[in-house]
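Here the structure comes first, spelled out in structure tokens, and everything after it is commentary.
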Ligand SMILES: CSC[C@H]1O[C@H](OP(=O)(O)O)[C@H](O)[C@@H]1O
């Protein structure tokens with residue numbers, strides 16, 4: 001990987017600005033948790049695992065700057081930092097998983113002095129990032145076995161190094177298959193309206209010399225109908241206990257088309273994307289974003305001013321359309337209620 005999605009550097013958190021890609025590779029520095037929260041909300045950093053890492057680093061930054069002479073005051077202010085970060089985006093469960101992990105670590109060290117707790121939280125945030133990279137490599141290894149040599153793989157949105165601490169989940173599977181010597185090709189959906197596929201996935205795969213062809217979202221069905229797609233691999237933002245999967249808007253359409261054409265449809269995600277408290281995808285909160293993401297491209301108006309717009313950023317694919325769910329602990333298929341909880345406990 002020739003770029004860093006996010007890292008703690010000196011006394012700042014540094015992130016690549018994903019709103020500027022692919023034309024500019026710009027790195028932003030953040031010295032407070034409010035800046036990190038705005039970066040998540042504004043999709044400077046995006047992608048379920050990546051915003052989990054960002055949230056963890058935001059908590060650590062917030063803890064560092066709290067002015068408190070009692071533990072009661074410190075923990076009260078720390079709770080406010082966590083609340084601000086938790087309100088940034090509602091769908092990706094990794095954000096909440098990371099915040100809860102930081103809260104648990106702080107509570108477990110409540111007996112220590114405040115400065116020690118600050119240092120421990122910084123170390124924990126850095127560990128979250130390092131672990132995510134290893135998790136992605138394990139997902140890649142588990143998923144690569146499912147990708148046949150010579151396959152053409154369709155992916156939707158960006159579930160790559162830019163959506164994680166590096167290497168990627170869906171793109172991690174693709175990278176691992178490529179690195180194992182398999183001659184695979186990738187079809188990347190542009191992924192309207194935010195264009196993660198066109199701007200981010202194509203950029204990442206070209207940097208790694210992995211053959212990639214960009215299509216507009218409405219071309220996927222035609223390619224499947226013509227036998228040009230061998231399998232689909234996508235990421236996830238939240239997976240319910242029964243395997244229903246929330247992912248970028250348009251994923252559900254790809255999954256239904258794949259089922260129609262008997263094409264395997266794989267979801268690649270870390271265990272931290274599982275939300276086993278939900279028995280189905282019906283209750284997964286779906287983020288609605290600003291209308292200008294639909295009516296403008298790079299600030300250029302492409303629809304009449306005042307037109308009514310919907311902009312749900314995610315949809316939910318029912319488990320019956322998902323061939324298998326690839327995690328760092330193994331591959332779940334069949335009865336997801338059983339196989340996912342077994343992986344989560346494993
Ligand atoms: C590795 S999961 C990435 C996941 O997150 C994306 O959403 P967004 O770009 O809005 O953060 C998309 O759903 C990807 O599949």
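Cβ coordinates are placed from backbone N, Cα and C, and glycine is handled just like the others.
Note that TrEMBL annotation is computational and uncurated.
If you look up TrEMBL, you'll see 46, 47, 48, 89, 196, 247, 248 marked as substrate binding site. DSSP gives residue 47 (substrate binding site) a coil state; it is part of no helix or strand. Long-range Cβ neighbours of residue 47 (substrate binding site) (same chain, at least 6 residues apart, Cβ-Cβ under 8 Å): 5, 92, 158, 159, 160, 162, 163, 164, 235.
According to TrEMBL, the site 'Transition state stabilizer' annotation covers 157. For residue 157 (site 'Transition state stabilizer'), the count of additional Cβ atoms within 10 Å of its Cβ stands at 29 [all protein chains shown].
In the three-state DSSP scheme, residue 237 (active site, proton donor) falls into the coil class. Residues near residue 237 (active site, proton donor) in space but far in sequence (CB under 8 A, at least 6 apart, same chain), listed by position: 48, 91, 92, 93, 94, 246, 247, 248, 273, 314. Per TrEMBL, active site, proton donor is recorded for 237.
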Inquiry  = What whole-number Å value do you get for the CA-CA distance of residue 157 (site 'Transition state stabilizer') and residue 196 (substrate binding site)?
reply    = 5
Task = Around the Cβ of residue 248 (substrate binding site), how many other Cβ atoms lie within 10 Å? Please give the count over every shown protein chain.
result = 27
Message = With DSSP assignments reduced to helix, strand and coil, which class does residue 248 (substrate binding site) get?
response = strand
Message = Let me make sure I understand the span of the substrate site: among 46, 47, 48, 89, 196, 247, 248, what is the greatest distance between any two Cα atoms, in Å?
response = 17
C-beta crowding around residue 48 (substrate binding site), within 10 angstroms = 27
Query = On a count of neighbouring CB atoms within 10 A, which of the binding-site residues 46, 89 is highest?
reply = 46
Remark   = By a three-class reduction of DSSP, residue 89 (substrate binding site) is assigned coil
